């Protein structure tokens with residue numbers, strides 16, 4: 001069995017396994033499983049509602065940025081710099097969109113693979129980039145929002161450093177493996 | 001920091017939109033008020049003051065020059081049109097926007113903001129030619145402030161999306177909070193925390209080693225590694241709740257929170273499920289080819305992020321907000 005097949009099986013089995021283990025273990029430890037579940041679950045609504053203002057603030061800002069076409073301007077400004085390390089200009093919108101928007105970067109990845117083919121260097125590069133980092137600003141808004149934290153200290157800077165490292169590593173490793 | 005980033009996104013967005021609109025109106029990008037010439041082949045007999053349908057035909061060359069387009073290769077443009085003309089040859093034309101419509105007209109229709117499925121034009125001249133079709137001269141409706149309108153639409157659309165995402169979380173959130181509650185009461189979460197103690201006491205030195213926060217953090221990271229996004233977010237929010245219990249200043253992020261968040265914003269994963277699925281859907285010969293490269297990219301991002309968080313948390317500018325708290329405390333004591 002290949003690594004991928006093993007991982008696929010694990011990812012399908014993981015959630016049922018965890019739920020089963022928790023219930024059986026809880027039952028064995030004489031926890032009133034049904035009552036405790038309901039007790040814990042009732043908080044779900046509050047958490048979801050609590051993140052709404054943070055999500056609205058973050059997504060509206062990202063929405064304005066995306067709709068304005070500022071991304072194209074940024075690509076034009078940054079491409080001479082990224083050309084220095086041989087980073088393809090076609091993949092630059094992907095690098096800029098990835099930390100901002102999940103649906104936006106998914107759209108860009110799909111578009112690039114449609115145009116250049118999923119097995120072209122660009123296709124392999126953007127799909128590696130997509131997996132190598134997360135939508136930093138969305139995660140920050142949701143996670144801090146859920147506990148009402150407004151002062152995020154060094155979180156944004158550390159997140160952006162992590163994004164840049166992930167995207168650059170994706171580029172260099174792709175060049176090494178597929179280039 | 002978040003204040004500046006947030007402001008920057010909005011300000012850059014709005015300034016770019018206004019700038020683009022001013023530039024586009026200065027070069028009259030959409031040729032407002034300029035006469036456009038074309039051929040119309042009617043499906044039915046011509047009658048004045050009657051709604052008639054037909055096909056509009058323009059040479060690609062004329063279209064390209066008219067709008068000063070750079071990359072435009074089509075030889076002939078055809079588009080569905082309906083017209084209504086009076087005896088003077090004046091009237092109204094409506095172009096239906098479909099898949100075959102040239103991109104530029106699609107852009108114009110979209111730029112109107114409303115009724116984006118058609119373009120309206122005033123017909124100035126409508127004459128039969130020797131081939132049995134009609135020569136038409138028309139002026140399209142005014143198109144202006146395209147970007148500003150798109151920004152306005154985005155504001156409304158994205159505030160809606162934000163609420164939908166939050167509402168969509170309620171179900172999985174309730175499920176995992178319920179499961180975690182059982183795990184907590186049964187002592188399973190603490191057991192989990194004990195097992196991973198050697199790693200977590202370095203990453204999160206300010207969390208007591210058997211605190212439920214560690215259990216939730218480990219479950220969140222495991223879910224992320226397995227590509228289980230649906231479970232990862234609720235477990236991560238559970239971890240944040242536990243971290244908040246240990247946080248002395250409730251509106252300010254603690255060191256552990258930032259370290260934990262950076263692990264979440266970097267793509268540490270063993271299965272990049274979404275990317276593989278898209279690659280497979282687009283007919284890749286080897287959709288899983290990117291697994292190894294993605295693992296390397298994600299782990300590099302995580303290591304860099306955690307290192308950065310650990311270094312930055314000691315800097316004065318990022319300690320300031322924490323220390324403000326201590327000052328107020330001592331003031332109270334005095």
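Glycine is no exception: its Cβ is also placed from the backbone N, Cα and C atoms.
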Handout entry: Range annotated as transmembrane segment in TrEMBL, from B:136-164, B:165-193, B:194-222
Key = B:165-193
Handout entry: Where TrEMBL places transmembrane segment among the ranges B:233-257, B:258-282
Key = B:258-282
Practice task
Would you please say which range out of B:88-112, B:288-312 has the annotation transmembrane segment in TrEMBL?
Solution key: B:288-312
Fill in the blank from the handout: Mean per-residue pLDDT in the domain 'Nucleoside transporter/FeoB GTPase Gate' (B:167-276) works out to 91
Fill in the blank from the handout: For the domain 'Nucleoside transporter/FeoB GTPase Gate' (B:167-276), the DSSP helix/strand/coil residue counts are 82 helix, 2 strand, 26 coil
